[in-house]
Structure formats: structure tokens, C-alpha cells
Amino acid sequence: MNDDKIISGKLAASVLIEDVKRETAALAARGIKPGLAVVMVGDDPASTVYVTSKGRMADDCGFLSRTYALDAKSNQAEVIELVKTLNDDDEIHGILIQLPLPAGLDAERVIQTVTPSKDVDGFSEINAGRLAIGSTGSTIVPCTPAGCALLIQQRLGADLSGKRAIVIGRSNIVGKPMAQLLLAANATVTIAHSRTADLPSLVRDADIVVAAVGRPEFVKGDWIKPGALIIDVGINRVSRGEKKALVGDVAYDECYAKASAITPVPGGVGPMTIAMLMKNTLEAARRIGR
Ligand code: NDP
């Protein structure tokens, strides 16, 4: 069924991927093949699934794709050494550290070792800093918020002047960069977190709600202003009787009833994240230009 209220990230991502494929072919004519290296430590099952699908998508786009699966017992020096080698590798334009890293490794140090021009996750201090000072053109934006921002732009346009937005969650990988992107688009932005008082009334004021909390069906329908646009970043695995289900951070049915537009889970933000990773890698290759 064609339901205009549902924002299909799956569809938007497939359009984005087609663009990436076309532009990759054009770059190839100049002798440049985007190269993506994914570094994984240990064998976390969810990470293995993500890494496999990222590698497959990179292949599909026509990239050089390399996956480095290090033993769970690898120490900090070994992981850092690999990242430094990739920083110096001319065939690699994008380096992604699959999180979480096993306990005992300092993820922040590993992430900050990635050279900013190859930091396709946008987590380095340089890229995060550029985004924070509003230098959105020169930075690499984290994939999940970049994907959410594109979905919002496709519905509401690039200029969000006069709109009130609330981002629930203040992580460095989703909440904070999301808030900065909304601010850059001229929205008036509230950032909520676990210490926020009376969250429902703040959400009731918002024309745009981005939920990145990590709690299943946390945002309720009676918090939603009629006609609001809802972006549900959450991915939560829950048990429904005998079955397992994937749900977002938003109570979908009740929020759908109030919203003008809403992303489903799955098929919303998830596919955008991986498409944005491909786009960031393509851009990095274009900028590095070799
Ligand atoms: P984090 O756990 O790093 O951050 C969660 C945020 O939610 C924190 O800022 C926390 O506040 C806030 N929070 C927790 N409880 C409450 C509460 N009761 N009221 C208000 N705020 C609260 O998660 P991430 O940002 O990494 O991810 C968020 C969700 O998005 C997860 O479900 C994750 O699986 C999903 N995700 C999905 C992706 C995709 O591609 N679709 C990609 C990345 C993440 P405080 O800072 O005070 O602790």
C-alpha cells in the first residue's frame, strides 16, 4: 500500500545508492576507485551482520572494499597500528571502526587515530568540531544524523526557519550532530536527555521530533503535536510472545495517528545510515583525489 505518511528510508536510500554508483563510475574514468576499510575487533554477532552488509554495499557501489576482522584478544597497540597503516594506504579513502570494541580497548583513542580526511563516520574531533562551528560544507557528517537530515529535508525543504525541533538523546554519534544539522537548517532546537524534566511537554511543542534514546517505544502518541514529523532512530530488539521483533524508540501506531509523517522501523533510518556511509566514502575519495 502506498502511504504518503510513511517516510520510506529504504526508498530514499536506494535512490542515494544509485547516485553513488553513477558518480563512482564517473570517478573511475579519472582513475579513482573509492576504497572503504572496515575494522572490526572480535565477533559480536550484530557487528558481524552490519560489517557484512556494509562490505556488500561497498562492493555493489563499485568501491574497493576491505574488511579487517581482528581477534577479540587484539590489544590497543595492534588496533592502532592497523588504523595508522590504513591512514597511509593510498587505496583507502574511508576507514570505519565498527563499534562497540571489546572491553579493554579504548574506542575513543582508536577513533581519534583515524585521519580526519578518511573519517567517513565523522566521529573525529576535527569533523565534529567543524560541524559544531557550522562548517557543514567542509566536514564529514556522521552517517545516521546525515541520513535523518536528508529525510527531513525531502519532506520539509532545506530551510526549517520557524520550525521547532526536539532531539531526544545527546550521544556524539546521533543526538548532538543531529541537533547541529537541524540548527544549521535554521530550526529552533531543543536537546533532551535522561536528566530532562517534563519531556512530554517539550515534545508537544515540536514540529519535528527525532528520537535517539535506545528505549523501545519510549515516545508516546499523546506527546506528539498534531501534524509533527517524526524520525525514529531507535533499533530495539524485543520479545513479542514467542517471537522477536524490531521496534523503534517511538510507539509507532499511536504516534503515526498524530504525525504528518513518520519513519518506520525497520525500513526508515537504518537503510539511510549505510547509504550515507557510501556517500561519505565517495566524497572522501573525491576530495583526496587519488
Ligand atoms: P546512546 O545510548 O549513546 O544515547 C542515548 C541517549 O538517550 C542519551 O543521550 C541518554 O541521555 C538519552 N536517554 C536515555 N534515557 C532517556 C530518558 N528516559 N529520557 C530522555 N533521554 C534519555 O544511544 P545512541 O545515540 O548511540 O543510539 C540511540 C538509538 O539509536 C539506539 O536505539 C540505537 O540502537 C539507535 N541507532 C540506530 C542507528 C541506525 O542506523 N538506525 C545508528 C545508531 C544508533 P544521557 O546522555 O543523559 O544518558
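Numbers here mean position along the shown chain, with the first residue as 1.
Placed from the backbone N, Cα and C atoms, the Cβ positions cover glycine too.
Keep in mind that this is a model prediction, so the values were computed, not measured.
Annotated domain 'Tetrahydrofolate dehydrogenase/cyclohydrolase catalytic' per TrEMBL: 7-121, in sequence order.
If you look up TrEMBL, you'll see 142-287 marked as domain 'Tetrahydrofolate dehydrogenase/cyclohydrolase NAD(P)-binding'. With DSSP classes pooled into helix, strand and coil, the tally for the domain 'Tetrahydrofolate dehydrogenase/cyclohydrolase NAD(P)-binding' (142-287) is 59 helix, 32 strand, 55 coil.
Over all protein chains present, the Cβ of Ser171 (NADP(+) binding site) has 16 other Cβ atoms lying within 10 Å. Residues annotated as NADP(+) binding site in TrEMBL: Gly169, Arg170, Ser171, Ile235.
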Three-state composition of the domain 'Tetrahydrofolate dehydrogenase/cyclohydrolase catalytic' (7-121), taking helix and strand from DSSP: 59 helix, 19 strand, 37 coil
Least surrounded among the binding-site residues, given as Gly169, Ile235, when other CB atoms within 10 Å are counted: Ile235
